[in-house]
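Novice: Encoded as structure tokens, here's the structure I'll be asking about.
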Amino acid sequence: MLVSYKWLKEYIDIDEYSAKEVAEKLTRSGVEVDAIHPLNKEITNLVVGKVVECVKHPEADKLNICQVDVGEIKPVQIVCGAKNVGEGQYVAVARVGARLSGGMKIKRAKLRGEVSEGMICSLQELGFEGKLVPKKYSEGIFNFPQEMLAGEDALSPLGLDDTILELDLTPNRSDCLSMLGVAYEVAAILGVDVKVPEPAIVASKEKASDFVKVHVEASGDNPYYGATVIKGVKIGESPLWLQTALIASGVRPINNVVDVTNYVLLEYGQPLHAFDLDTFGSKEVLVRRATEGEKIVTLDESERTLSGEHLVITNGEDPVALAGVMGGATSEVNDDTVNLLLEAAYFDPGPVRKASRDLGLRSDSSVRFEKGVDPNRVAAAGLRAASLIQQLAGGEILEGPVEFDQLNREPREVSITLDKVNNTLGTQLEVEQIERIFDQLQFPFKENNALFTVDVPTRRQDISIEADLVEEIARLYGYDHIPTTLPNTPTTPGGLTTTQLKKRKTRRFLEGAGMHEAISYSLTTAEKEAHFTENVQSRVKVALPMSEERSTLRTTLLPHLLDALSYNKNRNSYHVHLYEMGSVFHTEENQVTVQPEEKTYVSGAFMGLWHEHSWQGEKKPVDFYVVKGIVEGLLSELDVNGEIRYVQYEKAGLHPGRTALLEIDGKEVGFLGQLHPSTAKEWSLPATYVFELNLQSLMEGTEENLRYEAIPKYPAMDRDIALVVDESVKAEDLQRIILNHGGKLLTRVAVFDLYQGENLAPGKKSLAFSLRYLDRDKTLTEEEVSAVHEKVLLALEENAGAILRS
Amino acid sequence: MLDRLQELHDEAMKKVADASDLNDLKVVRIAYLGKKGPITEVMKGMGKLSAEERPKVGQKANEVRESVTSYIEEKEKAFEEAALLEKLKKESIDVTLPGRPVSKGGRHPLTSVVETIEDVFIGMGFNVAEGPEVETDYYNFESLNLPKHHPARDMQDTFFVTSDLLLRTQTSPVQTRTMEKHEGQGPVKIICPGKVYRRDEDDATHSHQFMQIEGLVVDEGIRMSDLKGIFATFVKKYFGEERNIRLRPSFFPFTEPSAELDISCAMCHGKGCRTCKHTGWIEVLGAGMVHPNVLEMGGFDPEKYSGFAFGMGVERFAMLKYGIDDIRHFYTNDTRFLSQFTRV
Ligand SMILES: [Zn+2]
């Protein structure tokens, strides 16, 4: 909402305050002034001039030589290029030495031999927005539409001495979508009175009801319809005060009748519509729901197809207006209009919002009806408009209006006690203070024993419960005056849950390991997902995506991590290790109907070198075992207990020979491995390694069971063995055999070497293990260890064909 | 004989003094102190001496030996030290070459902000609550006093999945979910961090995905002045002791009265500058007293209980705290950006 400060002052006496002061006060009490625009952008030396003579320039077709009376003894000569300049016009003249908006300076000039002492201005040159300039003046200079005094300052008549307050209204304060509403608000803050217009009309003896009938079928949607008939109007240009008021409010002047309806819309917040009675098509107004597929051509020349949820004004047969949204083209007021049907109606927010939404048609009218207009201003606005039209366009107002009226105009009664106010705010207000606030708001009330019963005026549709009154009191009392306290309630222990702590632990661990945390978008594309899964059917999709790029909720964190690697690579960062912790969304349904399952995953992606030391020449590229080390470390950090297994695994998007499935107690919890080279290529990535873990199931399988274990008093004995086995034998298998046969003396087995190549038979490899034997109760003897060790070696040979390498 | 010993002593001492390395010392030691050396020779002749003279000569011989030996040892030590020093000097390295880097990753700045804020509120007795990102219309809107067709729904452009399911536009649904779990029993003191989604085109100040932290306190006798107190404490802990707060009336469907919370500008200390658009204040969050309808839908009796709620944008906090100018930086995961926050 744009509020002209000059216009606002017609309703309230606020001369002692500057626009800036009022803006600040409005903002601090809840109606935010987003910006303050002074309309005069440094324009000086602009006067009204009268063109007393205008002849063609002898040397230039497109130029006119004008003699302009600027209130001095002799007129000044100004060369003007505008087509629409002519004798007798009152124009805006920037005199020599004047400055225009944008800092342009006017100098004495010679144009093709003719002296020009100043410039006749267009509205655009004076800083008016092109789209607000009346069509008549959009291609040339401006003419004052009325007689003026030559030489007088032109800034004020043009409204350039005004300041505009741009309000950023919250949805509840639709009352401030009108000048009167803003006036009430400012009056409440400053404690001044509001002067409401009192329109007076002279009605003719003819009855409007002889010219038009009103029938409302959809009385719920349209509880009030008032039709005023005005005969014999003369359509023309509006006076300057009206045009400047509209332009200041961001509305383009059109003609006197339309301008009046727009003016009253801005003034009362009540949208009105004027039909040309002669092209209306009947003598009957019928308000009804549209039929399915019914069509109307609206004022903006577009054909609209309607549904049964939309409300239309018809002439008994065809729709002539889309109720509350926009009028129809057929009965539009134009230069030839003589007789008017002026509509002032209350339309329910529902169908207006529906039509506006469905048809993508937002108008100054729909915006106001959608929020609910003041039922007590509907008829008053009709009267105000009729009176202004008569004043500006002449004509006879017939006795009327013709009405359909089932509108509830009763104020809402809301009660509140003093205690409730003070207990909610933490204040110690007295009855008198609250009374004063209600008085300033002009809310009629009764007070009895500190119980206030308030008749909330219908202009404040947002106030319906006691909490709303508390807010009114609080904001006018001033939020700054509310004390600062801490809750009187017993203290509570705060903290993180085990799961939340484990998420933090996971982050700490991965960061300590050298990874950066990434956060990427949850919305992705089905194609990106398809690289890692066969099943792309069961996806959660956004109904109306803004782009394909953000159409589907992710089921894996990998694609966006790969995007991030790729992004970094393109910016010359080649060694990047990222992890992300976030939700993925799985559904079993082809068409989602219930909330999908959201699981927290943690995933990582690595490219380039893991370690590098430039001058020592060390370079360690990331490989499978780097990633596995991190995963193993994380499992240990999270106290995962249960049997952890890494199973050779084939998965879409991953290298078939370098991928492992992670199982805990036989349950899949994730995978790790090298990105399939063709997948890597899709992302233009070098050798890339990834892991993806279902953190949620990892955390479920964990419990903190850290207990101190006594440090052994007796020495342990280490035996290292190198075993020759078939290449297909897995380290894990050998390890399991060793553990199964080592008895209770065997406390640790670790792989320490892998050898393939020379000195071994083809198809063989050598794996070396270190075995630690320990007896917690005494010093072990060679014989005891050897007895167990021999059993282990025998079992290795029998079960895995493992031969001790000599 | 005594003279002879003194003579030998002086001779030997001179040779030690002249020795230029360990080898020279060894020669001197063998020459004078060895079993075949002159001192031993002198001692052998002691038998011929009288009983009076014998101990004197013996004593003198020992003195000479000790004196020479001690001098040799002293010189030996000096030579060894010099040799070691020589050796160490050869081992010298260039200490200006760079060290072996410890690889260290880091938390995303948004996570840092969330964790810091969590910790401040945990210190004030809050718990952390979480909820789903794909929400039902009921929890995201209706239970928050935003029935279908409520005009305030326009404030948030929503990604719908179905007519009833949507990507949550705010973390506020966690409020209702938490209140339901409390079954009408106070106190509730939670903050709920998480991702939220709006149908916005991404630009420097808008992102279709961003993070919010929602907070809720419900108990008997909670007042708007308590909201001010909790925030004054929070702002001082998070932004610094010298920062002040102010509340401005605002509107949120789920609170009444509602407020925007501003903090004093750190750049200009309230005098007005570009950062604060010349107001001296920076808007940081929205808050208010929980709307009675919201309490009721959460299963709390609004006659008995009251509460306040607040919501803040994590990106905005991070941008304010670290001076980041473009919200898109948070989601490109450029390591040149991320690595700046490893110290946080
Ligand atoms: Zn500042």
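Cβ coordinates are placed from backbone N, Cα and C, and glycine is handled just like the others.
Curation plays no part in TrEMBL annotations; they are all automatic predictions.
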Novice: For the Mg(2+) site that TrEMBL describes with A:Asp468, A:Glu471, A:Glu472, which of these is also annotated: A:Asp462, A:Asp480?
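Specialist: Site partner of A:Asp468, A:Glu471, A:Glu472 for Mg(2+), according to TrEMBL: A:Asp462.
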Novice: Can you give me the average pLDDT across the domain 'FDX-ACB' (A:712-805), rounded to a whole number?
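Specialist: Looking only at the domain 'FDX-ACB' (A:712-805), pLDDT averages out to 91.
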Novice: Inside 10 Å of the Cβ of A:Glu471 (Mg(2+) binding site), count up the other Cβ atoms and send me the figure.
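Specialist: There are 27 of them.
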Novice: Let me spell it out: for each of the binding-site residues (A:Asp468, A:Glu472), count the other Cβ atoms within 10 Å of that residue's Cβ, using every protein chain shown. Which one has the most?
Specialist: A:Glu472
Novice: Let me check the 10 A CB neighbour count of A:Asp462 (Mg(2+) binding site). How many other CB atoms are there?
Specialist: 19
